[in-house]
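Each remark here refers to the structure printed beneath this line.
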């Protein structure tokens, strides 16, 4: 069986990596950027770390800062209009997953106008042309949207999130610069960090996993498990490790898919605007326990790289240890323990479960889930 890997054309790593942006732009002959971001990142000076360099280099830019968490179809349309009126010929995404996902949708629709209805891009998007060129600068250590071929948009009318998978949307250049991430508050570091861990664990056990992605995912789990506590506590070296770990996870899962944790998390964002990382973090250990018997020896590997001494453990003991290691990490970094703590209503669980069953990510889960299974999992996590 042939396995495909799609990655950035170029990626820069390390503190100060954003300094390479101006040379990348000049080398490619781009004329004017539309920066896609949010108002918070403008107000706190993060965007200026990029625009100051562009100004000094004489590079033209405009900005769309209307992105909101769990970006909606309305946001995409608004940003698309700004791009079309800006005279820009490339895009710069500055932010976490929401600005990057919005940027991908803008870039794809701009070059594939027959998909102006954003809903038509759901699933495996049948576009014909590559996106408008995107340079991606993540400001969180979590989503890895800068290296994935996926983006997620919220349909506010139908109260659902949908995933678009399109090789045409991957950014040409990514700048993985921990200097752009240092300003995250501890709670955001925790949520985005466990989001990255979820990507690595789900990618490791997903149905499409193979040798190369397994190597990426188990290394990502090791990096994230070793660095997240320190990063949340303010250790800058740990923060730089998280920047790398989340990217390595993205290299893997983008090419093989995810599973039921993401399938169940997406409806929470659509129904309640729950931060995606928080939803994943709460659900992850519960879904891991549900999947345990369908993962071979992989939970033993997970437990080992998370610091558990697995020598002499039975397979069942090692699987339980992996789940407990995730629960412990969640507790240590301050993740809310229950869905009810983040506003999920028990009476909504049947509708949430149906949406999760229909989510594109659920199909990659190693254990085939029924509607009843998902209802029970939501109740367990509630």
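For all residues, glycine too, the Cβ spot is worked out from N, Cα and C.
Database features (Swiss-Prot):
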{"type": "BINDING", "residues": "38, 70, 97-101, 139-143, 148-150, 161, 180-184, 276, 341", "note": "NAD(+) binding site"}
{"type": "BINDING", "residues": "195, 199, 262, 276", "note": "Fe cation binding site"}
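Recorded features from Swiss-Prot, shown on the structure.
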| residue | record | contacts (Cβ under 8 Å, 6+ apart) |
| --- | --- | --- |
| 38 | NAD(+) binding site | 65, 66, 67, 68, 95, 98, 99 |
| 141 | NAD(+) binding site | 178, 181, 184, 189, 192, 193, 196, 231, 239, 242, 243, 245, 246 |
| 148 | NAD(+) binding site | 170, 250, 253, 254 |
| 161 | NAD(+) binding site | 70, 152, 153, 154, 155, 266, 267, 269, 270, 359 |
| 182 | NAD(+) binding site | 236, 239 |
| 195 | Fe cation binding site | 142, 143, 276, 277, 280, 281 |
| 199 | Fe cation binding site | 144, 220, 246, 249, 250, 252, 253, 258 |
| 262 | Fe cation binding site | 198, 202, 280, 359, 361, 362 |
Neighbours of 195, 199, 262, 276 excl. site residues, C-beta within 8 Å of centre, Fe cation: 142, 143, 196, 198, 258, 261, 265, 277, 280
Under 8 Å by Cβ from residue 101 (NAD(+) binding site), same chain, sequence gap 6 or more: 71, 145, 151, 152, 153
Using a 10 Å cut-off, grab the number of neighbouring Cβ atoms around the Cβ of residue 98 (NAD(+) binding site), all chains included. 28
Could you check what DSSP calls residue 161 (NAD(+) binding site) once collapsed to helix, strand or coil? strand
